[in-house]
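Novice: Pasting the relevant annotations from TrEMBL:
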type: DOMAIN; residues: 12-662; note: domain 'Myosin motor'
type: BINDING; residues: 105, 106, 107, 108, 109, 110, 111, 112; note: ATP binding site
type: REGION; residues: 539-561; note: region 'Actin-binding'
type: DOMAIN; residues: 825-1011; note: domain 'TH1'
């Protein structure tokens, strides 16, 4: 896709109408048509954007386009609504200037879509973050809610806004959105009860009936059939391209995002259903006996005047819906409103309306547009004047049509049409539209912009295009004929006080909230303000608001009435150009200087037109532009130098510069092509030359390789020939011992292959790995077996060499335990995997045993808690068992007091059972000092370790004999003067599978050991 670097590049028609030459209404329309036919739907009038509705999707609103226009000068790229949105956003963010974007145009011109594009662009370019994204989503999702309740299908537009909307979006100092405030103007509530042929009621009614679930409709007591409701027109209930069911789900989701509670959504739907049901209330006329007419609701005992009954029903429906819409706007504002910071306002309001029949609604809409045109001209002229003063350019007064006289005709406090309409509505007596028209004919007859057949001005008496019941106002956009019928009634907009009080008494909380005047405690006899007065006050507030902001304008135009793409109706577009005042706008902009541009981009664009500024200008940009204009001999009266910009008076001068630039670009393009072609040919020649050198080098290399191959082949033939000759000469010498040599060679090769194969198939280095490669040949049987033995010994040696002294001692103890207990005692297998720790009490570190540890003169080899068995009852008493190099010590566990100390030489043997118990008996030498109290019968969980360490320690002691280990299920123990037999039996598990010891008689202790599975 081609990227344009300026508004003037590759321009289709004229991108800025200020530069249109010659300027006329026909040339204006033709330029719009030309651009529209080429899908250029945006055109500028200075800083104003004209937007043509294409009635189809165009690929110019994607994220790439957003990035293309982001932070770019307004005139830097082709006209686009994003350029205006970016200019407004950057002015607000960087210069702290409050902005407003005024979007006007008739129904179907694309105003609502334009406001969405502006908001979506601002949302895309501002900051990111969870809170910021939430605010952006709430602002964007307010649109579907307001569209559902305020938009409807008309003959001109399938999604026509039937209310005016002004949204203030508020930003923080970084330019991130914080919230907003929405103001609504003049909802077309008459549409609730009656729609013109070919049009629909508001979208929400159709969305509710199409998209709500069966359960919801049942709760609301509604039926999906549109034909059952009098307020819904049937001839256009279904609209092509509108999915009411899907839109209903979108609206409900949008209400949740904006912040509506579930009960609030339900209340809103209940009110919508109530409006539908109001339309189905019918009345039947009856006559009283006194001759007066009255009306009775069918099937209900309620009477009232017949015509007033229908009027009251419709008035209530309109008021109920209108107040619901205002409540929705207020509720949305509660969710998104914040303390005022920087503000960007977006105004989406009706454009000027001229229909075949124009009534009160068109009158006040056109009044609003007169005010907008007035402020537009004032702000445009003020902006021009401020720029001229800022740039030091002499300001000249610009002649233009000032529509203040038309605004005064409508809004003057004494003689204005709205004031007279209010006066007529408030005066006592008979008030009709005819009396109102008579008053206008009396007071406004001499006004140059007011026309009436019945006025005192005689020139309109014979004007048959002006009916007697109408009056005509000459607006800035043209003459509009208004039918006076309905002005008084619509301006009054009254609701019977009884109905307001009835609504206030309703059990529905939201209905009660919508009719506060119905509160009997707050009865206000003052007449409510008229619709015209309220709208005039709203417009006044809006104008004051807009006066405080920097304006940006989008003028929307509808190309045809068929809502079809590629169709451009000249008469329709011309009509809109007139009432939008676009020609007047162009004339105001062209009254001074048609084009202005900063010095830097101007010099950058046109510097190739002067040899002194091309290709680089080293001085200030203004001096470069002065040199450029002097060299081009542009007449001095055609331009002026400002402080930062050059101002060009006539578009012809600008087009002269553009034509010279186009010719120069062609010459530069030719020069670039010439240089490029020369570079390309030389590069191609150098490449061919390099390739020829490479080919030659490879060919010579190929020839050299071919010679080497021939030489190598010759050498091989010679060697084979010499070998053949030698073998033939000496063959007789090898025949005698050839067999022995072949045998020796074969054996040698077999042995070599065997050893190499064995090397690659050796088993792991683990000593317990018993695998060994298979023997390949029978005659290698002895060698194979011997090598296996040698390898195993070497492997074991390697394994042992890795042990530390401590580890060796542990393994020696384990080995000795195996020699003593393996296959002899059932407790042994469970102890194999348990390391021998020795000091289980950490006696040297535990402060509890500090006194006991200090009493030990030798190093403690083993410290554990054992149970000393009492011969009287077989119960155990906890004792600390200490083993040193020379003695065994038993101490009290609680106090640490030494109870017995037995030198190792006094131990003769140790007796244990064959079962899985931990009992052992220390037998003492008869006659020794330690044997006075007799032998010790003990029990320990670490029996294997204790016996092993006792055996090793006794074997290493120099003055002791080998300690005997007696393994038997019966053994004698000497208790003082008596010998007691300790007998071990297997019994059923008791007391948690523990070993139990019982005294059977004075000579027998029986130990019951649970049977292991």
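Cβ coordinates come from backbone N, Cα and C, glycine included.
If you look at the structure here, what lies around each of the features I listed?
Specialist: Along the domain 'Myosin motor' (12-662), the predicted structure has mean pLDDT 83.
A simple way to gauge crowding: the CB of residue 106 (ATP binding site) has 23 other CB atoms within 10 angstroms, across all the protein chains here.
In the region 'Actin-binding' (539-561), helix, strand and coil residues by DSSP number 9 helix, 8 strand, 6 coil.
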Novice: Using Cβ atoms and a strict cutoff of less than 8 Å, what residues sit near the region 'Actin-binding' (539-561) while being 6 or more residues removed from its termini?
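Specialist: Distant contacts of the region 'Actin-binding' (539-561): 32, 36, 45, 47-55, 81, 84, 87-88, 91, 97-111, 114, 118, 156, 166, 183, 185, 343, 345, 347, 351, 367-368, 371, 375-376, 379, 567-569, 572-573, 576-577, 580, 582.
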Novice: Among 105, 108, the binding-site residues in question, whose Cβ has the most other Cβ atoms within 10 Å in this structure?
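Specialist: Result of the Cβ crowding comparison: 105.
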Novice: Write out the long-range same-chain contacts of residue 111 (ATP binding site), meaning residues 6 or more apart in sequence whose Cβ is under 8 Å from its Cβ.
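Specialist: Non-local contacts for residue 111 (ATP binding site): 103, 104, 105, 161, 348, 349, 351, 554, 556.
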Novice: Quick one: give me the count of other CB atoms within 10 A of the CB of residue 112 (ATP binding site).
Specialist: 22
Novice: Hey, for the ATP site built from 105, 106, 107, 108, 109, 110, 111, 112, who else sits with CB inside 8 A of the CB center?
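Specialist: Those within range, site residues removed, are 53, 157, 160, 161, 351, 556, 558.
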Novice: Mind giving me a neighbour count for residue 109 (ATP binding site)? Other Cβ atoms within 10 Å of its Cβ, every protein chain shown.
Specialist: 24
Novice: Among all protein chains shown, how many Cβ atoms are found within 10 Å of the Cβ of residue 107 (ATP binding site), not counting that one?
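Specialist: A 10 Å sphere around the Cβ of residue 107 (ATP binding site) contains 19 other Cβ atoms.
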Novice: How many other Cβ atoms sit within 10 Å of the Cβ of residue 110 (ATP binding site)?
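Specialist: Neighbour count, Cβ to Cβ under the 10 Å cut-off: 23.
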